[in-house]
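Enquirer: Okay, handing you the structure first.
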Amino acid sequence: MGIQEKTLGIRKERKLVVVPRERNHVRHASQRTRSKNYKNISKKRAQQHAFGFNIAKTLAKIQAFVWGSPADEEEESVVPLSKNSQDCVPLQWQAKFAQLRQQLHSTQKELQFVKEKCHLLQSVLDDANIDQRYLESRRDMKNIERDNLKPTENLPPSPVRAVNPLVTSSPIHMSPLQSRQRPVSSLQPPKGPNFYAKYPKLPQTNILRESPTEDSVPHAE
């Protein structure tokens with residue numbers, strides 16, 4: 001940079017001395033001051049919002065108590081302030097508040113359903129006209145009967161019978177290892193008197209008499 005001077009056809013140029021500045025330091029300092037100012041402003045605004053909201057709420061309560069203003073007017077005066085105050089509330093709190101409100105709505109529905117169910121059951125009991133004292137007395141009688149019951153007698157022991165060796169020694173009930181170790185002679189039928197020789201034929205029944213009697217059934221014609 002320089003300043004040009006014209007005097008009588010002579011052109012002179014005078015240079016100005018430029019002092020170097022610490023630009024980075026100045027920038028950081030300005031940014032810090034700005035951030036501090038923004039923080040202070042945001043804190044002040046939040047305090048003002050909260051203070052104004054509390055004042056409006058207390059004023060609405062005083063008006064409702066003194067002049068007897070209805071609750072609708074009080075709600076109308078409070079709602080816009082609460083909307084303005086939502087700007088200061090973090091987003092996480094808003095999401096949590098919405099979730100809690102939804103849970104409250106669902107629990108209110110469940111409570112209403114349970115109340116209606118209890119009311120219906122009570123009406124059914126009233127229609128049946130059941131005496132509670134009668135039920136209690138019957139319950140007490142059943143308990144007394146159970147307490148006075150005699151203990152059941154123990155069953156006699158089952159008779160002990162000898163095991164049939166023919167069944168236990170049959171090759172069907174033996175393992176394959178035992179059947180291999182058993183000699184072939186043991187599998188053959190025992191030698192001795194024939195068991196079926198005692199019964200050469202089936203026993204015969206007595207033949208009915210051909211002459212009908214009074215006790216006999218009449219023949220069908």
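Note: Cβ is positioned from N, Cα and C throughout, glycine not excepted.
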Enquirer: Where Swiss-Prot marks phosphoserine, which residue is it, choosing among S158, S211?
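Expert: My reading of Swiss-Prot gives S158.
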Enquirer: Kindly point out the range from 3-8, 75-80, 129-134, 165-170 that Swiss-Prot annotates with motif 'CDC5-binding'.
Expert: 165-170
Enquirer: Look up S69, S175 in Swiss-Prot and give me whichever carries the note phosphoserine.
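Expert: Checking Swiss-Prot against S69, S175, the phosphoserine entry points to S175.
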Enquirer: On average, what pLDDT score does this prediction assign to the motif 'CDC5-binding' (165-170)?
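Expert: So the average pLDDT across the motif 'CDC5-binding' (165-170) works out to 58.
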Enquirer: Provide the three-state secondary structure of S158 (phosphoserine) computed with DSSP.
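Expert: The residue in question, S158 (phosphoserine), is coil (DSSP, three-state).
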